[in-house]
Ligand SMILES: [Zn+2]
């Protein structure tokens, strides 16, 4: 049969646990294998390494790949576009069921390797293939994957393109069209336009921010916002603590640069901070200056916080986990008075992050901020720009790539609806050329 099947395994009804399978004849390529963070109340330091996959599937935390039993064909590769947990977090639980290599960029590969090493329940022996952005890899005689560099809120992210005898399938999850990223390459518009000229059968795209009008501000803006908050003050001697995503290397690097301008020593704390930063440093994505301090273990963190108290808060810029109020994170422990760090009246807490809009997160954040305020802290919220394309960026990508069919993924129904309305503006027709898929559904497309 000369058609391509798109199997919506996970991430089509929700944010998180992304997994799509593309069926080409009797061969299958899996795109992403993610975990849904809020379902296990996971944060970047969480441990689920002893849980069984079926248990996690039942919780709705990882994709229900049992539906793959009903799909004819053999899985030839697992391709991951970037290192966020909602794209790679289910690999330790699911990848061993497939006799296929895992293909991802070097930084993503390093994070996948760590994930596999931390797993206690399953043995994952799939070969790991590190493919650089801009390069291609022949999966089988008939399927080649191409990586096109694209900015996102984690370094070394790509749009993956599957070239098949029936046409190309573009997988754009996740991306922003940032022309001034602070680390890494701008979007490879030439490669994207070339795809559009040659013809694309289908594009599967994230929809996270498709309801937000306009275009996503560049990461350069976030860096300037941070600089303004940290340096633009008449109270430059007070205690300041920054909290942000441990995986957001560009943001962490901006903090290092601004700390230098402030004459403070950046001190990164938390196991996830250590993990993501060291991998980025080892692969040469960032250069850590000699004075940077990094502490992963809790006892080292507490020792460092004690040192900051005795030597003077004005000498250091602690960067900690806990921006979503995750229980057990360092900022929550500080707010609870469980560390040697004493919050004093006028100390500043800088949240370089948005609030993830789930009721649980909102409650955690509310509790955290209230406790910090009761100790006298001043709150600087949302010193942040998104890593996800807004509506007009989606419009541009859609018109650049010009796929025959477009499939919203990686989002809930409201996000997909906003995307579909935008696609209709661009001439696509719901049910004919723009397709709404729910988890567990399969779409067949003829070239
Ligand atoms: Zn992402």
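Any Cβ shown, glycine's included, is placed from N, Cα and C.
No curator has checked TrEMBL annotations; they are predicted automatically.
Among 410, 416, 435, only 410 appears in TrEMBL as part of the Zn(2+) 2 site alongside 86, 87, 174.
152 is the residue from 52, 152, 237 that TrEMBL records in the Zn(2+) 1 site together with 82, 84, 174.
For the pair residue 386 (substrate binding site) and residue 152 (Zn(2+) 1 binding site), the C-alpha distance works out to 9 angstrom. Cβ proximity to the Zn(2+) 1 site centre (mean Cβ of 82, 84, 152, 174, cutoff 8 Å) flags the following additional same-chain residues: 81, 83, 87, 153, 154, 157, 173, 175, 387.
Fewest Cβ neighbours within 10 Å among the binding-site residues 82, 87: this applies to 82. Annotated pair residue 174 (Zn(2+) 1 binding site) and residue 86 (Zn(2+) 2 binding site), C-alpha to C-alpha distance, rounded: 10 Å.
Screening the binding-site residues 84, 174, 384, 386, 388, 410 for a C-beta under 6 A from any atom of ligand 1 leaves 84, 174.
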